[in-house]
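A.B. asks: These came from TrEMBL, pasted as-is:
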| type | residues | note |
| --- | --- | --- |
| ACT_SITE | HIS118 | active site, pros-phosphohistidine intermediate |
| BINDING | LYS12, PHE60, ARG88, THR94, ARG105, ASN115 | ATP binding site |
| DOMAIN | 4-141 | domain 'Nucleoside diphosphate kinase-like' |
Amino acid sequence: MSNTERTFIAVKPDGVQRALFPEVLRRFSQKGFKLVGIKLTFAKEELLREHYSDLQSKPFFPSLLSYMMSGPVLATVWEGKDVVKQGRALLGATNPLQSAPGTIRGDFALDMGRNIIHGSDSVESAEKEIALWFKKDELVSYKSEMYGWIYE
Ligand code: ADP
């Protein structure tokens, strides 16, 4: 399993407005993942249509777009062992009411349309989402001084 797997994690507008983004950064960092990209940005409709292209036909699609455009999004990229799957576990289930306490959605959210955070659901979609949200030169490569204490 590669220590250089990457995932795309976005704190949605509600998570930014509710000042939950430091908690998200803390949880991913303290788990041992390395932050390699971060920016606060207003997502454009075109980008969101591409990002959520598989949900286009869903009845909640228009409200999902307006939710995601209702304020700035904190877009981040994290690197580490099994980070895509582990990241989804840190997030919890899509429906916060079905998310276990201890997960981000389980601890901080109630409604699906206000579920705080997005995380890529596969290595393949992570690659696609990272390329969609970040330019290559916005991602940084550096040696983490924590690595020797996290990986054996
Ligand atoms: P996830 O974000 O957990 O990968 P999906 O890709 O299925 O979940 O859905 C994307 C986002 O669309 C969800 O995070 C949520 O904000 C919203 N969403 C999904 N299903 C519903 C629903 N039934 N009603 C309202 N919003 C929904």
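Every residue, even glycine, has its Cβ placed from backbone N, Cα and C.
Explain the structural surroundings of these features, please.
C.D. replies: Sequence-distant contacts of HIS118 (active site, pros-phosphohistidine intermediate), defined as residues of its own chain at least six apart whose C-beta falls under 8 angstroms from its C-beta, comprise PHE8, ILE9, ALA10, LYS12.
Long-range Cβ neighbours of THR94 (ATP binding site) (same chain, at least 6 residues apart, Cβ-Cβ under 8 Å): ARG105, MET112, ASN115. Secondary structure at THR94 (ATP binding site), as computed by DSSP, is coil.
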A.B. asks: Would you report the average pLDDT that the model assigns to the domain 'Nucleoside diphosphate kinase-like' (4-141)?
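C.D. replies: Summing pLDDT over the domain 'Nucleoside diphosphate kinase-like' (4-141) and dividing by its length gives 98.
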A.B. asks: With the Cβ atom as the reference point and anything under 6 Å counting, tell me which of the binding-site residues (LYS12, THR94, ASN115) are near ligand 1.
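C.D. replies: What lies within reach of ligand 1, judged by Cβ under 6 Å, is THR94, ASN115.
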A.B. asks: Per DSSP, HIS118 (active site, pros-phosphohistidine intermediate) is which: helix, strand or coil?
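C.D. replies: Once the DSSP labels are grouped into three classes, HIS118 (active site, pros-phosphohistidine intermediate) ends up as strand.
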A.B. asks: Within 10 Å of the Cβ of LYS12 (ATP binding site), how many other Cβ atoms can be counted across all chains shown?
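C.D. replies: If we count other Cβ atoms within 10 Å of LYS12 (ATP binding site), we arrive at 26.
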